Amino acid sequence: MENKSLESSQTDLKLVAHPRAKSKVWKYFGFDTNAEGCILQWKKIYCRICMAQIAYSGNTSNLSYHLEKNHPEEFCEFVKSNTEQMREAFATAFSKLKPESSQQPGQDALAVKAGHGYDSKKQQELTAAVLGLICEGLYPASIVDEPTFKVLLKTADPRYELPSRKYISTKAIPEKYGAVREVILKELAEATWCGISTDMWRSENQNRAYVTLAAHFLGLGAPNCLSMGSRCLKTFEVPEENTAETITRVLYEVFIEWGISAKVFGATTNYGKDIVKACSLLDVAVHMPCLGHTFNAGIQQAFQLPKLGALLSRCRKLVEYFQQSAVAMYMLYEKQKQQNVAHCMLVSNRVSWWGSTLAMLQRLKEQQFVIAGVLVEDSNNHHLMLEASEWATIEGLVELLQPFKQVAEMLSASRYPTISMVKPLLHMLLNTTLNIKETDSKELSMAKEVIAKELSKTYQETPEIDMFLNVATFLDPRYKRLPFLSAFERQQVENRVVEEAKGLLDKVKDGGYRPAEDKIFPVPEEPPVKKLMRTSTPPPASVINNMLAEIFCQTGGVEDQEEWHAQVVEELSNFKSQKVLGLNEDPLKWWSDRLALFPLLPKVLQKYWCVTATRVAPERLFGSAANVVSAKRNRLAPAHVDEQVFLYENARSGAEAEPEDQDEGEWGLDQEQVFSLGDGVSGGFFGIRDSSFL
């Protein structure tokens, strides 16, 4: 009797799919609801076929697994229904494949039976496409064992034989790694100077910490055309103990392996003590703090001020209430309709990133009156209402953080080296956004003071970094006037440029410096005046003339140094007299068009602009592409992290931007979701089980 009543209660369940479901697997599963249609429990799901209860944690991997193990017929139906969805996910991988010429049915069967024509060519093309998907999409090699992936390829071409995971891991990926490595070795051999950057990240799935090392250089991508190059060199695991020693050893080995020991001029890092110590031990001249990391450090310090911290905590509780209460969510929607406000949910934030906090505060400010209307009618939650002074502080924080968001967006959209923009941006922020006004509240004034102190301490109170950034800015024809410096400071910058140019000329003369690019914009081997004298004078006709020439035409004395100095000063003066370039114009194109006019200054430019402003590409640091990359890296097996991240990063160099996730980025600047449901194709189809890493 008890079993019958249980069965009867289960069959009486009113199941509904997830309200934001995307995967077609929800056809077979649902949540239990009450009489009003509200979901009773979000962490329990029922199978519509066998009424089994399944735990739900935010993704659909266990749902498809339940179908595969218990309901094979429905699983096949589910796989077939998703074929088109899978086709779209892999469209890029197959876009380069040429359509096979049409054949008669008899001829087709004969070709399959004989094994020619198709196997040799088409098999290679499809295997190359699969390898491209794995490498450029950061998929683990175990994807070739996924049933749905096999179904996709069989649907695309039933004759194709998919290689094994072992072949992909031990042969195909290493061969592609070797080919790409040879190309990058040639690029670095031709580079005059290079900067490095270190991206420290953690794989949450494996609880391992990694460092991805990249090299950056300013070279000649085409004849008479300067271009910025960025190449990933290595990804290595760092232990919890002896981190600095490990990083130092690996960096040294990488410098030797890639032949850049004498070319590394600067390093851009998050300014962690371990990486800074490693760079110091390796005598890296410039330690450049990551601009994005510095922004976050200063803003997070401001958020930790007692009153601001308490306010942000109240804001998070308010958002959490609306996200977790179906009644409150419904009332919010109704109030938005009544007040003719666009329907949108409140935004939660991640405590560690300021961009998501800004998104939360902006949405609260937009919905201020709607929220107040809901809470007035909810007597049990009046304590969540914010006071007028708190709303004023929220408005002030939004106004304070908005320029930082605009700076982040500008850096992300920039197609040029960003190191020359650091000083102008800092000057703008320190003298406008962070300038304390009389109308500012005490909390807002303290926040501005804390952020300004962090920016100044990091960039302006270190003389070497300050001078480096000033020179990098001066060499940008958009900012060369340096209006934020005094006349004395500008003269110091110009003197540094002259010293750098003369130093490069001295290396040329000593034979210790001969970059490959000299064939494009050559540095003269001697002062122009003496070269003219030598070429215009006929060769000596006697031994006496040779002796006289040795006495009166010898080079390398004080006279030469003066002529070198005069040439550099003249070139610098010519550069200063050129028209200032527009802010939206390309500084690299400006220099490329004038390589013949300026034979020396581009050499200094290559040395200073190879150092980057951020430790990773700005569009990844500030944008939502960060989530895509992080999620993909997390699923890689430890043994393949180095090769696959290497191939992924170098495949994307100069390619289109990483497609953005729907969730917030590393900085939360693009966050529009209420919370991540993990309910998509990536969760249902490509959720890699733990056994995939074995």
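Backbone N, Cα and C define each Cβ position, glycine as well.
Reduced to three states, the DSSP call for Cys50 (Zn(2+) binding site) is coil. If you look up Swiss-Prot, you'll see Cys47, Cys50, His66, His71 marked as Zn(2+) binding site, on the strength of sequence analysis.
For 315-694, the entry in Swiss-Prot reads region 'Required for interaction with human adenovirus early E1A protein'.
Here Swiss-Prot flags 552-624 as region 'Required for DNA binding', drawing on experimental evidence.
Each residue in the region 'Required for nuclear localization and homodimerization' (571-651) gets a DSSP state, and the totals come to 50 helix, 0 strand, 31 coil. What Swiss-Prot records for 571-651 is region 'Required for nuclear localization and homodimerization'.
Per Swiss-Prot, the feature motif 'Nuclear localization signal' maps to 530-534.
The feature zinc finger is assigned by Swiss-Prot to 20-78, with sequence analysis given as support.
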- Note on the structure: Cβ atoms other than its own within 10 Å of the Cβ of His66 (Zn(2+) binding site), all chains, total 22
- Cβ-Cβ distance under 8 Å to Cys47 (Zn(2+) binding site), same chain, at least six residues away: Tyr28, Phe29, Ile54, His66, Asn70, His71
- Given the binding-site residues Cys50, His71, and counting only Cβ atoms in the protein chains shown, which has the most within 10 Å of its Cβ? His71
- Item | Additional residues surrounding Zn(2+), by Cβ distance to the Cys47, Cys50, His66, His71 centre under 8 Å | Tyr28, Arg48, Ile49, Ala52, Ile54, Leu67, Asn70, Glu74
